[in-house]
Amino acid sequence: MSAFVGKYADELIKTAKYIATPGKGILAADESTGTIGKRFASINVENIESNRQALRELLFTSPGTFPCLSGVILFEETLYQKTTDGKPFVELLMENGVIPGIKVDKGVVDLAGTNGETTTQGLDSLGARCQEYYKAGARFAKWRAVLKIGATEPSELSIQENAKGLARYAIICQENGLVPIVEPEVLTDGSHDIKKCAAVTETVLAAVYKALNDHHVLLEGTLLKPNMVTPGSDSPKVAPEVIAEYTVTALRRTVPPAVPGIVFLSGGQSEEEATLNLNAMNKLDVLKPWTLTFSFGRALQQSTLKAWAGKTENVAKAQATFLTRCKGNSDATLGKYTGGASGDSAASESLYEEGYKY
């Protein structure tokens, strides 16, 4: 089997490799309007376009954060927004060495014939949308598939359906110049132990890479965004070193070394937990052929959001909080995080939401 080599092949490989630079990671700022509304409600801020723009501007203009970031995932609205000075966000990011990306899926819907499992929408007109996003400056994309652990879940139907959806998305992106971030998220919901999560994660990833190969996806021009292997949300917590061992083992068994980087989702962990777990993985003394870094949304933004609280006078304080988290995660990609990236209790607060929708 030979991988697809289109006119963008060299660019895709270069972009994916850059995003996976050790010491850098991705800020996921692609929350849908509905999801950002929930975040705003928690700080009593109205969910209107000007407030969403203000938050994104706060994040994208934070002094000192650019060396810690290689990419930012944007929601479609944000791709076309500007700073208050009139500079497009995309331009601002690119000038500072941060690659703009775009969320392209349209959310999940129930998968008929299953026990509440889901499939992801958005393949219709995806090629045309990718062309538009490329013209607007985006160079990578994200698509989230969601799987759950239960007595009989994930079902084979759900695993295959979601793997094929991710593969079709990935090849369409590559044909149109965007590096696909492949995100098969195994939710933490449930009372299962870490061994169960490891087994399911391995099964899911094996199916995903089989589908990517079947669709001739150029693996060197992709990134993987998986869940960390953890016990279920209703089970006792385990140490970061245990999570690191199970997660890296699952990845070593399933993810080809052609993939340049693995950018973890935080999956409702607290900011501090997510950083400590990433750090433990990078400290693990085993062969890891890919960069292990972050693509965090809630785990980069939560304490920043609280510090800001929608008030202009709090912007500098909120940006300092954001810088602290960015630096902590940058250190974690190198296995050099020493803990306590924020003395703020918000950093240790669980961000778990059952059946999380983006």
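The backbone N, Cα and C atoms fix where each Cβ goes, glycine too.
Summarising the annotation, Swiss-Prot assigns active site, proton acceptor to Glu183 and lists similarity to another entry as the type of evidence. Per Swiss-Prot, the feature active site, schiff-base intermediate with dihydroxyacetone-P maps to Lys225. The feature substrate binding site is assigned by Swiss-Prot to Arg39, Ser266, Gly267, Gly268, Arg298. Swiss-Prot lists Cys68, Cys173 with the feature S-glutathionyl cysteine, giving similarity to another entry as the kind of evidence. According to Swiss-Prot, the feature S-nitrosocysteine maps to Cys173.
A straight line from the CA of Glu183 (active site, proton acceptor) to the CA of Gly267 (substrate binding site) spans 12 Å. Least crowded of the recorded positions (Arg39, Lys225, Arg298), judged by neighbouring Cβ atoms within 10 Å of its own Cβ: Arg39. Just so you know, of the modified residues Cys68, Cys173, the Cβ with the fewest other Cβ atoms around it within 10 Å is the one at Cys68.
Between the C-alpha atoms of the residue listed as 'S-nitrosocysteine' and Cys68 (S-glutathionyl cysteine), the distance comes to 26 Å. Secondary structure at Cys68 (S-glutathionyl cysteine), taken from DSSP and collapsed to helix, strand or coil, is helix. Among Arg39, Ser266, Gly267, Gly268, Arg298, the residues given in the record as binding substrate, the maximal Cα to Cα distance rounds to 16 Å. The 10 Å shell around the Cβ of Ser266 (substrate binding site) contains 25 further Cβ atoms across the protein chains shown.
Across the fold, the C-alpha of Cys68 (S-glutathionyl cysteine) and the C-alpha of Arg298 (substrate binding site) stand 17 Å from each other. A gap of 10 Å separates the Cα atoms of Ser266 (substrate binding site) and the residue listed as 'active site, schiff-base intermediate with dihydroxyacetone-P'.
Taken residue by residue with DSSP, Arg39 (substrate binding site) is part of a helix.
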